[in-house]
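Below you'll find the structure, written out as structure tokens, and then a few comments.
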């Protein structure tokens, strides 16, 4: 019964052990579904289920009929135009990262939007090229495509012989990788593998995207300086690229360098203005569009290509090219790399979509996102585009300019379509260094994530370590291997957190039923003779020894050593009694020979095993108080602990190996007369122990209690019960202990009644 009194409450109920609670409150008989039951539900069919599946596969059927034209259309139009202009420039810029002609970047900015419009669940992300994915695809293209010096030798015996130029082969490689990554994403979505994103923490994503931004920065240096830098795809490639850049620095094209630096400075300043005054500006200043128009006009008007030998975008293909079938030989060579691209693309898109879904309160489906992205990439690759996800900056533009739904996305695709069909030729004089500078201008947010380290260090050292190691792995090993190593390291940190948990000793706060770490509060009261130990992690084979050591540190002694010393002392006492040197008199026990010496010879394994057995004093005519002073060379450490409470409320599971270790620990304490209680365990935990035959005559199932306070109250009642069961005279007759006398003999000492105030 619970009675509230103001901001306090009074609880009146019995002290519950797990067994007592189970007897008073009967459990329901529940039917646990089998695999066959789940399969039956999965294969069943109904009208409602068919409708639900159709709506989940085509989310547009849910949100489009509810579209509010008057309230949303104008905002979506403004957002679509702004996002489309950014998508055009980013498509051209990120095509340089893929090492394909810039015009193919427009295909990557157009086709994914069409598929995602019908199948995607996010209303705000802008699907298209992403610099990290472009870098990864570009690395594969460079790895698979023979270099200029060896192309002539390899062209006759490779799949490249089917293509008229190296650029055409690179486009085929990028398209094939895109199709393959799309197939992987589609299969993962169909098989309901959307949960994989849970293994990619926020710290890992932040560290990875920051490292990717550094990769993009380094990769764009050759375009900004117009240097011939060979591509590297193996580990330490970023350092090799930097070495190539600095060894050729004297060949820098000054016109490209000056142009790119001016573009960067202006873009950074205007973006800072957009950020600072975003509440006052109706729409962000489209600085990318403005600088593109100015740079293209200046380059064309002053003939930069011929006068300063700058690299320009060059011929832009007008219209679309017919779809192509992927190259099966490239499929075989790039399967592993494509899997990494599929995971990274989904990871980034889902992360950005999650941010906006939380902000605007609508659900997103990870499995449906995999299907949408997978079909988008298959469709894009078939039309010679490259892998798509979502760019953080482009999605930010779509959301910040008022985009409400994917109508803004489809309008941005129309802008890209206009450039592909009619206006692409106007961008032919544009310098590649300008595209590189515009790409770098959008990396500011990603590079600023270095500030995450300080925040993470204050909040969680492990998360900070994950960020740092992810960044290092991605920089040193490259993006593909770096991601795999980062995920492995993150899982390893989970092992470390559970293998070395922060165990603590609890005490009573303010003489209430609340128990906290005794190091954290001032008003702490630890019951005398009782130790409360908390383990905040699962107990399994890797941490059972750590758990045992922490428990030994908490109680201040090793129970196995105490047990062995007590059994060893008991053997000596039996020798004294057998030789008649220990006599029983009406006044007590008298030791009659001061000259007795007992050797401490080394014992064999059998004797050590005997010392580990429970203490048996049934053959003695008296009981022994192990906390007394012993005669001669008998030495047994004194312990004041009589009860140990283990708080397992945070222990989620226990494996077979640790189960044996835990039972051994409990037995060692029980054998030295320390009562052990386990609190906070759920019913499944106890049932698993029973199924594994954990309980016996020593370790009983009555040791489980619902709460710490239940166990503490039980200990108090047990001590009072033992004292009140006999009167002092009866207890004297039944229980004897001994201590050394002034003359070297033994004498009786009356058992003292425990003081209730000590508990």
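From the backbone N, Cα and C atoms, a Cβ is placed for every residue, glycine too.
Looking at 33-54, 55-76, 77-98, 231-252, the stretch flagged in TrEMBL as transmembrane segment turns out to be 77-98.
Among the ranges 2-22, 317-337, 338-358, the stretch that TrEMBL annotates as transmembrane segment is 338-358. Per TrEMBL, the stretch carrying the note transmembrane segment among 254-271, 434-451 is 254-271. Taking pairs at least six residues apart, the transmembrane segment (407-427) and the transmembrane segment (169-188) share fewer than three Cβ pairs below 8 Å and do not count as touching. Segment contact is absent for the transmembrane segment (464-492) and the transmembrane segment (77-98), given fewer than three CB pairs below 8 angstroms at sequence separation of 6 or more. Within its own chain, the transmembrane segment (338-358) is flanked in space by residues 121-125, 127, 130, 132-133, 136-137, 140, 177, 180-182, 184-185, 188, 194, 196-197, 200, 205, 208-209, 364, 366, 369-370, 373-374, 377, 387-390, 392, 395, 399, 479-480, 483-484, which lie at least six positions past its ends and keep a Cβ under 8 Å from the stretch. Counting Cβ pairs under 8 Å to the transmembrane segment (104-120), the top-ranked stretch among 127-145, 195-218, 370-387 is 370-387.
Comparing 77-98, 169-188, 370-387 for CB pairs under 8 angstroms to the transmembrane segment (127-145), the maximum falls on 77-98. Contact count against the transmembrane segment (370-387) (Cβ pairs under 8 Å) is highest for 169-188, out of 77-98, 169-188, 195-218. Note on the domain 'STAS' (520-715): mean pLDDT across this stretch is 84.
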